[in-house]
Amino acid sequence: MAEMRGMLLMLLYISHSSSAICGIQKATIADKLKENLVSSTEFPWVVSIQDKQYTHLAFGCILSEFWILSTASALQHRPEVIAVVGISNMDPRKTDHREYSVNTIIPHENFDNVSMGNNIALLKTESAMHFNDLVQAICFLGKKLHKPPALKNCWVAGWNPTSATGNHMTMSILRRISVKDIEVCPLRRHQKTECASHTKEPNNVCLGEPGSPMMCQAKKLDLWILRGLLAYGGDSCPGLFLYTSVADYSDWITAKTRKAGPSLSSLHLWEKLVFELPFHESNIALTTNSFSIHTYAEWPHSYSQGQRMSTKSNKQKDAGQNFRVNRQPETSGPSKVAIQPMYYDYYGGEAGEGGAVAGQNRLHWSQERILMSFVLVFLGSGV
């Protein structure tokens, strides 16, 4: 009976695994590339949010096949936006990048474009994103745990400012810089923001842009977790910066996606087992897409998208990057757009100096082991 139950659970989980697995990347070693470059299979959840002229507006992170988390400030007055995925290497001669039309944007209802409080937004793609080695979802904590999981290898990723473009970012290959949380922070913070600092001596330029993700690994699981979205600072390395704490918005995310559909997978039981039990009880490679939140923001826009084009130039526009890619975006017909608040670009991403690369854990869990671990936890919990 137990074996039959386990097999049924396995089949059920496999049937939903495309949306349940998160925080796993193919890269298994620390790539010691020059200038803190990110290898092609690292950070497969980072996307570029662009307007219809293919101008880069902000970064975002994939939470599921349909949902992306980004900043509200960069998405005001943007009637048509797309998500370009698999952006670790933007060289069109080597990589063909897929675009997905965004048909719904849900900014936080209390977003303040003056103070930049609650600067967070959900984006829903019109069609499901196809996951592969270059495109995956990242995990995030589905609630505030009594004992938060220990994290390691925290990085911020972004485009690299160059002398040729000044403060503008050059879209080529993502860079990464090691960062750490700071308990005593001299910066003025809003509620639900945290303070962090670059960790190494000043050698390289810093990476700062709206929505630049701060990503860490959970020590017990080696799964990647979206810790935050860059909010302010990062002009110099080493230096302080603020980021929007994603964990503080987990209930909001769950509620919004549940109401808009499809809802994000909520695995709070497994999250509790994995993160709150002693290590010998929780040393399981469980992927926790801990998301969800409700209440619909008053900014549910529908967007249409034009054709996919090949990357040919990096012309700057609106202090962003202008580029084209090769395929037709996953899209449907246009629909009317609601009136949006005034657009406010709050972060210029000025170049600084310094930074370094944090090491990356070498352990890589196969999906088969993850699925089996999930079933073992399920059976052991008596659910």
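The backbone N, Cα and C atoms fix where each Cβ goes, and this holds for glycine too.
According to Swiss-Prot, the protein carries these features:
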type	residues	note
SIGNAL	1-20	signal peptide
CARBOHYD	N113	N-linked glycosylation site
DISULFID	C154-C216	disulfide bond
DISULFID	C185-C195	disulfide bond
DISULFID	C206-C237	disulfide bond
COMPBIAS	323-334	compositional bias 'Polar residues'
When DSSP is mapped onto helix/strand/coil, what comes out for C216 (disulfide bond)?
strand
Can you tell which of the disulfide-bonded residues (C154, C185, C216) has the fewest other C-beta atoms within 10 angstroms of its C-beta?
C185
Nearest to the residue listed as 'N-linked glycosylation site' in three-dimensional space, by Cα, is which of the disulfide-bonded residues C154, C185, C216?
C185
Rounded to a whole angstrom, what is the C-alpha distance between C154 (disulfide bond) and C185 (disulfide bond)?
18
